[in-house]
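Notes follow the structure.
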């Protein structure tokens, strides 16, 4: 998570691991846009102990970038320098109910899987996660939310590692305890940049009937399928709404984009979705540069039309490819 790139002689000296360490791994298959260049190396740790040992042994000059399921991300065409760490597989997707209202889940668990696990255990209040594409770790980084709820609303505690391999933990906003408090705002968190989230404890709003909760999730999924381009190569919402939820006369990013005449707008193989214009889609042959250029064009047109400067919600990272 530093801007410096390692010299070529650093990567051959990477620590031994029990998971997988792939040099020069293409990252496009790991992102929902299916674009982007390679990582100098991609590390898929077997478990927390494997991740901890790797970070402690890794040369501090080598940058580290955590990657979730790539649902809210544009990896630039020049790839990502240093080590990309992805928490994936059965271990990192584990979810366990702790009691009738709380559960714990590892950072690689899909948001939808967490919502369904909560439903199966009769825990209400986590249904909104079914509308968030991606994994729990990524949702934490952006304080993801929808349908009137955000991750911070349900967070009891989170655990993870700093870049040097030290273990850290934070309590959720307003939660009691001796741990330092994690601070969140609309689509933002003040957690350290080098933090790799590994596990969370979430609290529902109460107990309910599993079948009724599951029916609510199914209804939210059906609504999402009707209003968002979920079958396309896309991500979550491209831009954050200018106003936080609950703001009187809240302005929506998609309405501003539509009013600026951007619905269906194209740059190369990238397009503003005709179905929901706060989504960019890869029509088949887009590059990361196409997507980013289209996003900037949308921002410019919205600024000219309404005077509002939209803020990217999709993360963009990596090196710009030199032509």
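For all residues, glycine too, the Cβ spot is worked out from N, Cα and C.
Swiss-Prot has this to say about the protein:
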ACT_SITE  187  active site
ACT_SITE  237  active site, proton donor
ACT_SITE  313  active site
COMPBIAS  227-240  compositional bias 'Polar residues'
DOMAIN    35-207  domain 'FAD-binding PCMH-type'
REGION    227-251  region 'Disordered'
Inset, instruction - Any same-chain residues 6+ apart from residue 187 (active site) with CB under 8 Å of its CB? Would you list them in sequence order, or say none? - result: 142, 143, 144, 145, 240, 311, 313
Inset, instruction - Count up the helix, strand and coil residues in the compositional bias 'Polar residues' (227-240) according to DSSP, in that order. - result: 1 helix, 4 strand, 9 coil
Inset, instruction - Reduce the DSSP letter at residue 187 (active site) to three states and note it down. - result: coil
Inset, instruction - Fewest other Cβ atoms within 10 Å: which of the active-site residues 237, 313 wins that one? Let me know. - result: 313
